[in-house]
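Chemist: Pulled the feature table from TrEMBL, pasting it below:
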- A:13-31: transmembrane segment (TRANSMEM)
- A:51-70: region 'Disordered' (REGION)
- A:59-69: compositional bias 'Low complexity' (COMPBIAS)
- A:82-102: transmembrane segment (TRANSMEM)
- A:108-316: domain 'Cytochrome c assembly protein' (DOMAIN)
- A:114-133: transmembrane segment (TRANSMEM)
- A:140-161: transmembrane segment (TRANSMEM)
- A:173-199: transmembrane segment (TRANSMEM)
- A:226-249: transmembrane segment (TRANSMEM)
- A:264-283: transmembrane segment (TRANSMEM)
- A:295-319: transmembrane segment (TRANSMEM)
Ligand code: HEM
């Protein structure tokens with residue numbers, strides 16, 4: 001079937017608009033983080049809540065309702081930023097759907113489409129996290145890598161809408177790649193949370209460090225919990241994605257595992273996240289070291305997302321830059 | 001699992017060397033199987049795998065490795081000596097994963113014993129002060145129900161839990177209940193399956209092989225009868241190539257479809273195959289070979305890896321004898337399928353060796369499926385054979401075909417051109433049907449083009465086991481990450497004279513650090529308490 005160029009053009013516009021909206025949301029939520037009383041407030045609330053969570057392992061229903069104190073201008077801006085985030089996510093979703101309609105297949109057959117879907121999953125994950133933890137004012141920190149990735153993706157990796165190679169014409173494209181997308185997309189969230197954790201933990205140890213920035217972050221164990229919970233969601237999904245990739249490779253490339261660069265880096269990321277899970281059960285490794293391992297995992301995921309396709313010539317690179 | 005380090009053994013003077021050796025071994029073992037070591041080894045594994053993604057690997061692309069080495073001088077050679085181009089079969093990579101496996105076994109064995117013990121153990125005593133537990137709800141039973149009734153109802157509510165009832169002073173009765181053993185089960189299943197996966201992966205590497213072969217898509221056939229039938233063959237250490245699974249494949253045609261922009265959209269090759277009893281009866285069975293659907297027969301798999309063109313030339317020698325050949329040329333640009341190669345001819349009927357060696361012919365140059373000329377320079381503008389053309393040099397002389405040195409089917413031995421044993425006698429562009437006349441009257445006609453496919457035969461006797469372990473591993477991982485271990489206690493006190501209804505307390509504790517038990521506790525305690533009211 002021919003490519004529907006109109007739809008694909010609309011998809012491109014929506015993608016660009018979503019990215020622009022994320023930039024605005026980023027700035028708005030940074031204002032809240034920077035100037036809001038909310039920062040302090042959230043911090044207190046988070047501490048209270050984390051005490052509850054540690055003790056009770058409690059669900060959100062047990063949370064004491066936040067004291068409805070007077071809402072300042074930065075908070076209002078932050079709230080608007082969060083609404084814009086939702087709007088941006090909807091536009092990005094439309095961009096993905098239109099792309100799929102334009103090419104009559106799952107819209108993740110090349111790097112550009114893949115990057116578009118991964119960043120979407122990251123944003124959606126963050127929306128879910130925001131629903132469970134009082135972290136709206138941190139949205140800017142999350143959006144920073146998202147916007148950078150979207151920019152690189154939309155400029156350097158942009159690929160015109162086209163059908164895919166015969167090797168990619170398989171239902172495994174849907175299964176394997178969507179698992180990889182969800183896994184990688186979610187993994188970006190604990191990466192950001194872990195970076196913030198390191199700031200916060202450094203400040204808790206020595207409160208002259210990051211004295212202006214860190215106190216506005218949620219308590220360290222809230223950040224740790226966000227990182228852990230998102231990681232244990234993403235890890236099995238990612239594992240599933242890698243396993244499906246092996247099953248697909250067995251029928252497409254003649255072997256289920258061949259240390260192709262993309263396979264290798266996925267393996268590395270997997271091992272790093274396994275190390276992260278272990279570190280949380282190892283005396284002396286919880287906390288900052290675990291967070292550092294999670295950040296290494298984040299690096300591996302981003303590396304796998306772009307670098308492997310751009311620089312090395314493996315079998316996966318035909319899903320590449322077009 | 002040991003999360004703390006073993007206490008240093010106090011040195012005692014009367015220790016014999018045997019004892020000291022024993023202590024050393026024991027400490028080494030403890031160290032190796034500690035969680036911290038596992039963590040470090042995991043890190044090392046990730047680190048050690050990295051060069052394989054950054055440097056060219058011999059298994060994947062041997063020519064690129066040679067290129068890399070020559071481009072990087074002593075540094076490239078050093079990396080070669082350190083096995084950096086064969087990372088995954090290197091000594092250091094193997095050492096890390098072997099250590100990790102030892103650590104895993106050492107870690108899993110005691111855990112399995114503990115697991116069995118824990119399965120048999122009774123749920124812990126009910127704490128004296130339940131109100132101190134992270135989840136706690138007090139309540140009252142119905143006026144009509146005595147302690148026994150309430151307890152019996154609670155047992156019913158907790159039917160999925162492992163539980164034990166105990167009695168305390170003053171007619172007080174308690175239930176301790178536990179749930180979530182599946183977590184530990186899952187964790188053990190996960191780690192053991194991973195062990196199995198690694199072992200069977202390695203066995204597959206020992207007993208498996210992969211061979212690549214190019215077959216003309218004109219009804220030519222290929223039989224898996226020995227290594228020499230292949231163009232390249234990679235085998236595990238335990239494969240000597242003598243008894244490969246017997247089967248034959250005949251390639252009847254190959255079809256490629258492209259989009260308007262020249263991107264391939266569809267590959268299909270009609271083949272026939274025979275294996276098992278079909279080999280005796282001579283029966284051929286048809287199969288449509290495609291990229292994502294290999295032929296699976298006789299325990300092996302046959303894949304369609306690639307394709308290309310074989311230009312067809314007919315040579316009419318001065319004595320009137322004719323020879324036609326269609327040899328595979330190799331694709332140099334996958335986007336336009338421009339190909340290069342060498343088709344070699346030996347004039348028939350010449351018995352004198354010396355004379356024969358002056359009269360061999362090679363047609364070398366470029367083939368374009370859709371010709372596009374810049375002046376006289378031939379390129380291809382599309383991958384389909386819409387307007388095929390060749391730009392060839394004809395060489396005459398001694399090709400060295402029987403010099404004993406193997407030579408590539410895609411090119412002539414350049415040294416023979418350099419030292420004059422092969423001379424260029426013509427250069428011309430040809431379209432289908434056109435011909436070249438040589439000075440001695442030999443005519444060379446370009447007749448058209450055939451296609452070839454490259455097939456890969458893969459044999460891996462253990463991949464089914466690897467898949468089985470992978471699935472078990474995934475299931476185990478799911479259980480170990482999603483199931484929460486949790487405890488629940490119920491204490492029922494008889495009522496007093498004034499207030500005859502029983503006093504019920506429910507408390508809970510999650511033993512793993514995932515939150516989320518609160519919702520379940522809320523639900524269960526609601527039922528336990530609610531069920532008594534009314
Ligand atoms: C081949 C290397 C290994 C890999 C890839 C690996 C992977 C994993 C993964 C993904 C988990 C997460 C499941 C969970 O949190 O329950 C886990 C948990 C665990 N692993 Fe391993 N493992 C390896 C080796 C080991 C070794 C050598 C030990 C013992 C020293 C070990 C002990 C444990 C323990 C105790 C847990 C449970 C931790 C917890 O409850 O969070 N693992 N492992």
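Any Cβ shown, glycine's included, is placed from N, Cα and C.
Note: TrEMBL annotation is automatic and uncurated.
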Chemist: Quick test of the contact rule: Cβ under 8 Å, at least six residues beyond the ends. What residues does that give for the transmembrane segment (A:173-199)?
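Modeler: Same-chain contacts beyond the ends: 105-106, 108-109, 114, 117-122, 124-126, 129, 138, 141-142, 145-146, 164, 210, 213-214, 217, 220, 223-224, 226-228, 230-231, 233-235, 237-242, 244-245, 247-248, 266, 269, 273, 288, 291-292, 294-295, 297-299, 301-302, 304-305.
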Chemist: Same chain, outside the transmembrane segment (A:114-133) by at least 6, Cβ under 8 Å from its Cβ: which residues?
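Modeler: That would be 15, 22, 46, 60, 82, 85-86, 88-89, 92-93, 95-96, 99, 107-108, 139, 142-143, 146, 149-150, 152-153, 157, 177-178, 181-182, 184-186, 188-189, 218, 222, 225-226, 230, 305-306, 319.
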Chemist: Which sequence positions outside the transmembrane segment (A:13-31), separated from its termini by at least 6 residues, show Cβ-Cβ distances below 8 Å to it?
Modeler: 74, 77-78, 80-82, 84-85, 87-89, 91-92, 94-95, 98, 116, 123, 136-140, 143-144, 146-147, 150-151, 154
Chemist: Looking at the domain 'Cytochrome c assembly protein' (A:108-316) alone, can you tell me the average pLDDT?
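Modeler: Mean pLDDT for the domain 'Cytochrome c assembly protein' (A:108-316): 90.
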